[in-house]
Structure formats: structure tokens, C-alpha cells
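Annotated features, as they stand in TrEMBL:
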type: DOMAIN; residues: 157-274; note: domain 'Fatty acid hydroxylase'
type: REGION; residues: 286-308; note: region 'Disordered'
type: TRANSMEM; residues: 70-93; note: transmembrane segment
type: TRANSMEM; residues: 114-134; note: transmembrane segment
type: TRANSMEM; residues: 154-175; note: transmembrane segment
type: TRANSMEM; residues: 196-220; note: transmembrane segment
type: TRANSMEM; residues: 226-243; note: transmembrane segment
Amino acid sequence: MDTFLGPFEEAVLHPVYGAIRSGLENTLCRDAGPSSPSGLSRTTLQGFCSPIQHSSFWQPDNSIRRLTNAFLYLWLSTTVSYLVLGAVLYRLNFDAAAAARDPKFRPGQVRGEISRSLVAITVMSLLTAPIVLAQAAGRARIYPLGAAPAWYEALQVVLFVAFNDTCVYWLHRLFHTPVLFRLMHKKHHQYMTPTPFSAFAFDPLEAMIMSLPIYAFSFVVPMSDAMQLLAFLAAYLWTFLLHDDSTQFHTVHHKNTNFNFGQYTTLWDRWGGTYVDADEFLSQPQYRKEKRSPRPAAASSADQYGSL
């Protein structure tokens, strides 16, 4: 994520800060008479002027400014892409007609998903900003693409998927323990028929914790800058695809919270005894009417999916 932070600062934020500083100085630091049009005395204006003129915030390497930059970069890019991608996938993949017939699709659900996601994105951006700055400062094990042998460039893809899949599965299981489920994760499971807009409709702290493996990998395992960017984009897109009705594997989890906790693969669910086949599960009579393209139910599937 730090790949575009520098260009974003140069192209967008530095000019904005310059304009803000210039505007404040022109308003508060001009050679005013005994009083200004706003009614403030010259002494009062000069009292504001000195901190504005001499603040270290205007220096590009100021730590508060850089933290603010990282937050704005994350918040703006994530918010815009969330709204655009959510709208596109809602139109392309989500079966709104079937959802309208589903009694578990709540009135006003999309609006609620969006508002909760926007809050989570704001908090996540604030908490993630120091991590992005640490990556930009070289504290992570990120190296330029091509600096490692070709075999490792390929291997790191497998390592990332294995690392992230493992962390997310067990973190997800952790958030299904009674206390954490009641305090945090239950908010996400209010949406039993989720839409793409529910991708970030989590408790903000939980959303931050669940995203940590994506960043943690670069501090643990050597990772190319290109792979770091690709991993983030892939994980980001996959979060939407899990909730847009195109991936029935995760739809099962929203219907029955005892199954299908995994992220990219089904390996941990199979090893942990939490895997069920989505087609078979959703062929049960109580779910069949909700499916986009119903398939005949398996003979043994009618009542085998109770609580673990």
C-alpha cells in the first residue's frame, strides 16, 4: 500500500497543504488595521498567524503530517473503491430479485451495510496508517521486484496465500467464540443474505484485526513491492467476491455460522471439520428458494447441518 503514497503526497496533498497555508496566511497574517472585517483585532489575528507561519506541520517530513497523509490516502482510496466496486458487483453478480423474495433480506439492508462499512473504513484507515508509514520507511521486509531469484518470486505467492489463509481462518474462528461474537462479529452476521456492500460491514476494531495478516506478512517474510501490492489488491477484491452472491462457499457461512470460515481455500475448513459443500447445503428446502439456480438436493443433505 505504500507504493502510491509518495506520488499521492506529491500530486495531491502537498499542493493542498500549500493552498491551505497560503489561504490562512492571507486571511490572518495580512497587515490589518485596528480591526478586521471579521471583527477580530489585529493582536488576535497575529496570535493565530505566528503558529501558522512557523508550524513544523508544513514540512513534508513532519511526522504528524506524514501520518495524516497516510490516513487520507488510505481513507480516500478505500472509500472510493469500496463504493465503485460495491456498485459494480451488486449490479453484475448480486441477484436482487431473489433477495427481495428472501424474508431474511432486511429492509434498508444495503443502506445499513454501506453506513457500517464507511465507519469501519474510517477507523481502519486511521489504525493502519502507522503500518503503511513503517513499510514506507523500510521497516518491513519489502524489496524491489526482481531483486530475488525467479523461483522465490513465485514461491512468495504460495507463502502469502498459506499465511493469510491460516491467520484469517483462526481469527475468524476466534471471533465466533461467544464473547467476541456477541461484542463484535454478530454485527456482520446480521446480514444473512449479504450484498457486496457488506464487505466491510464489521465492527471497526474487528475489521482492523482481520486485515492485519495482509500487512504482517511483509514484516515476517521477504516480499517484493509488486507482490505486496498484488496481495493487497487480491485480498481487497476477494472480500467483495465473498459477499456478492457469486461465491456460494461464504454464503453458507452467513446462513449457518458453524461452517465455511476460510478465506482463499477450503483446506483449513476441511482439516478443522467446518467444511460443507455449498451446492449441497443450499439445496436444502429452506434455502432452495433463495438460490439463483437451484440444484436437486442430495438425498442425505436434508437435515445433516445442525450445530457443531
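Every residue, even glycine, has its Cβ placed from backbone N, Cα and C.
Stretch with the most C-beta contacts under 8 angstroms to the transmembrane segment (196-220), considering only 70-93, 114-134, 154-175, 226-243: 114-134.
Here the transmembrane segment (70-93) touches the transmembrane segment (226-243). Their Cβ atoms form 3 or more pairs under 8 Å, with each pair 6 or more residues apart. Listed as Cβ neighbours of the transmembrane segment (154-175) (distance under 8 Å, sequence separation of 6 or more from its ends, same chain) are residues 148, 181, 184-185, 206, 209-210, 212-214, 216-217, 220-224, 227, 231, 235, 261-265, 267-269, 272, 274. Here the domain 'Fatty acid hydroxylase' (157-274) is broken down by DSSP into helix, strand and coil counts: 83 helix, 2 strand, 33 coil.
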